[in-house]
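Per Swiss-Prot, these features apply:
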- ASP300, ASP304: Mg(2+) 1 binding site (BINDING)
- ASP300, ASP304: Mg(2+) 2 binding site (BINDING)
- 300-304: motif 'DDXXD motif' (MOTIF)
- ASP444, GLU452: Mg(2+) 3 binding site (BINDING)
Amino acid sequence: MASRENEIIRPKANFHPSVWGDQFLVYEEPEDQVEVEKMVEGLKEEVRKEIVVALDNPSKHTDLLVLINEVQRLGIAYYFEEEIERALKHIYDTYGDHWKGGSAPLWFRLLRKQGYYVSCDIFNQYKDNTGSFKESLTNDVHGMLELYEAAYMRVHDEVILDDAPVFTKTHLAKMLKDSLGYNPTLSKYIQDSLERPIRKRLPRVDALHYIPFYEQQVSHNKSLLKLSKLGFNLLQSMHKKELSELFKWWKHFDVEKNIPYMRNRFVENYFWALGAYFEPQYSRARIFLTKVFAFATMLDDTYDAYGVYKELEIFTQAVERWSLTCLDALPEYMKLIYKELLDLYEEMDDTMAKEGAPYHVKYAKEAMKEFIGSYMTEARWKHEGYVPTTEEHKAVAFISSGYKMLTIASFVGMGDIASEDSFKWALSNPPLIKASCSICRMMDDVVGHKEEKERVGGHVASSVDSYMKQHNVTEDHVYDLFNTLVEDAWKDLNRESLICKEIPMVLKMRLINLTCFIDTLYKYEDTFTNVGPELIDCIKSHLVHAMSV
């Protein structure tokens, strides 16, 4: 048997080991935790009163929008979800599409983000008689930034907003160049905005960028600033505790010994789940999603970077049966993966059943089976040397991107807000999930194309390969096309987040946040597979370095 095993030619990916070691294994609670929690409660009341006062006074409705924007960007909106919803609903009910206050782009962005489908016609006032944006707009840097950010909430056929990114980027880049010498704070802010608009940013990452900028503003609200810093540190402590508990679970796998071929990215898996929801009330859901992310990585590398065709067939059949009676039929290295996968879902199923919501895990399990089945289809293509058509690839890649399965997993443990109808909706391949999966698949395939082509043992044909072969074009042509299609998919995502009534906005935000994380990981290169300084610094900012108060 040993000689036969040695004869097996396996793919070889040579992934680098984890960069974190056991850094997050031990958690120590801050000594001043209770005192900080009391301070936070007092500051929350101050801010809550400010929101109520501004809401009750129509002349202060523009100030109200500014305050809500600051609360959101400082990363403390989760303290005031009810107040923000009440305020924005009042704004929408009062003005409809005919906003009378200032900061029209801010009004547009905040209401669309909240799910109110306000018209983009308000931006007609920004155009001159020739249909071009007024040059006078370029004299107001903050107004240009607001217009730039609003444009990324657009949907298809909103021509005025399609023109806005080019106009604003051009002039903001010039402002950036001109401001370098005298306003480094503003320069950094513009640079960050041009790198990634708010719509594509993870809220917690945005807060890390915005807090230092906000602190430099002379007019900043001291209560807001202090609350944002204390709140950040409180949550960081909670997240570190979660990661410590999760790390103990992960150590049980002994990856270096039992699954040495996989990318050991457990800290990055947790950070990914943190991107979906960082708020304290979703701790249980976040812990479960982290474990699902870990299995998704494990399975991806098993199917793509180690397993041979016959082994993968056996494993896929075992997953379809979902029974420990299949364990003996599996190759030795797959037994641990299979058993732990079933145990994870069974444990969560028991927990949810006690709460009267057994359907949570039932649908998550179906999504996992479908996900693994799509990997098997791709393994078959690779085994047969088959390059599928673009249409064939798209049908399978929608599932193999993992984002449908992960979206459904992200609902598990969120409580009553995730109804059985929500799970049925997600499993039915709705347009909102299709848009997210398209963004994930295309961005991943573009950055991974060249690297994976060099892998020993080959790699399944990606969507880039399929399009190149079918249309006889270069890879650079496909990269440019896919980047355009990603922007189109964002328009689909924006529209569906506005018109989809089957699930509440709080569930839609899980999907939107997961999509934002793709932009964080795969904008220029695959920073999940090849963890570099930028991602390391980002994770340290979230999970290592407390914020100075």
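First residue shown is number 1, and so on along the chain.
Quick reminder: no glycine exception, Cβ is built from N, Cα and C everywhere.
Applying DSSP to the motif 'DDXXD motif' (300-304) sorts its residues as follows: 5 helix, 0 strand, 0 coil. When the binding-site residues ASP300, ASP304, ASP444 are compared by the number of other C-beta atoms lying within 10 angstroms of their own C-beta, ASP300 comes out lowest. Put simply, ASP444 (Mg(2+) 3 binding site) is 13 Å from ASP300 (Mg(2+) 1 binding site) when counted between their Cα atoms.
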